[in-house]
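Copied from TrEMBL, the annotated features are:
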type     : residues                                                 : note
ACT_SITE : CYS75                                                    : active site, proton donor/acceptor
ACT_SITE : CYS189                                                   : active site, proton donor/acceptor
BINDING  : ASP11, SER12, TYR43, GLY44, ASN76, THR77, THR190, HIS191 : substrate binding site
Amino acid sequence: MDKSSPILLFDSGVGGLTVYDALRDVLPDAPVIYASDLAGLPYGTKTEAQIAARVAGLLGRMAERYQPRLACIACNTASTIALGMVRDVLEIPVVGTVPAIKPAAALTQSGTIGLVGTEATIRQAYVDELEREFAEGKRLLRIAAPGLVEAAEAKLRGQPVDPAVIADVHDRLTAMAGDAQIDTLVLACTHFPLLAGELGEAFGPGVRQVDGAQGIARRIAHLLSGQSFAASGPNRFIVTGPMAGAAGLEAALAARGFAPPEIF
Ligand code: DGL
């Protein structure tokens with residue numbers, strides 16, 4: 001194994017940076033290439049066929065070009081739809097990101113869990129299976145919040161977050177819960193932990209937010225245990241589509257130690 005071989009983190013946008021942050025905590029020396037499919041953002045409003053073809057095609061080409069030692073689909077939408085297909089295409093370990101229903105079900109006291117994801121994620125049979133397997137006897141209330149994806153993208157570009165988008169998520173989930181009390185919120189999209197502060201203010205201190213980032217980072221570290229790393233420079237941030245898509249991200253990327261964005 002070439003010591004400079006990177007870990008490839010893939011997302012439609014900047015959401016996978018929440019996984020990147022968790023990964024830096026456990027593997028600070030591992031070289032990372034973060035690939036952001038800004039030309040395809042958002043995935044959440046696309047069909048299953050569009051997402052599967054796009055994600056499998058891009059990851060196949062990226063794996064060929066960057067020769068990563070492991071790929072992580074740092075996106076719930078892409079993982080719940082295309083993880084199996086990507087595993088068939090790549091010859092390296094592929095780690096996915098799935099809604100953190102299992103830890104949420106273990107944490108809830110009230111038995112009522114809110115789950116916020118993209119439109120495409122919340123309709124997946126994969127999510128039904130996680131609910132059946134891990135949340136039996138609990139109420140899992142699912143909503144799609146495409147506005148949160150936009151808000152997270154804006155926030156990382158230094159733009160203000162529209163409070164109406166956050167309030168809408170709170171109001172819809174609270175209305176669904178009726179007399180019951182949501183005490184646990186599954187952030188089932190990697191973009192959403194970027195808005196943890198805003199969501200925390202809307203839902204209050206009694207609602208715990210759960211996402212998969214730390215678990216995924218631990219899984220990657222476990223799969224790579226015993227391997228050595230030697231970065232040949234700063235981590236790389238690759239985007240599909242025109243460079244203009246990455247405008248405004250300079251500060252967020254520099255703070256994470258990335259070199260300036262490059263086009264795929
Ligand atoms: N970050 C992606 C996820 O985890 C979704 C964003 C999008 O709609 O593209 O689901």
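Cβ atoms are placed via backbone N, Cα and C, with glycine included.
Here the features listed in TrEMBL are painted onto the structure.
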residue : record                             : DSSP class
ASP11   : substrate binding site             : strand
TYR43   : substrate binding site             : coil
CYS75   : active site, proton donor/acceptor : coil
CYS189  : active site, proton donor/acceptor : coil
Beyond the site residues ASP11, SER12, TYR43, GLY44, ASN76, THR77, THR190, HIS191: chain residues whose C-beta lies within 8 Å of the centroid, for substrate: GLY13, GLY15, GLY16, PRO42, CYS75, ALA78, THR118, THR121, VAL149, CYS189
The one of SER12, GLY44, ASN76, THR77, HIS191 whose CB sees the fewest other CB atoms within 10 Å, among these binding-site residues: GLY44
Pairwise Cα distance for CYS189 (active site, proton donor/acceptor)/ASN76 (substrate binding site) [Å, integer]: 5
Chain-internal residues near THR190 (substrate binding site), provided their CB is under 8 angstroms and they sit 6+ positions away: ASP11, GLY15, GLY16, THR18, VAL19, ALA74, CYS75, ASN76, THR97, ASP211, GLY212, ALA213
Cβ-based isolation winner (fewest other Cβ atoms within 10 Å) among the active-site residues CYS75, CYS189: CYS75
Annotated substrate contacts ASP11, SER12, TYR43, GLY44, ASN76, THR77, THR190, HIS191, maximal Cα-Cα distance (Å, integer): 12
Around the Cβ of TYR43 (substrate binding site), the count of other Cβ atoms that are within 10 Å: 27
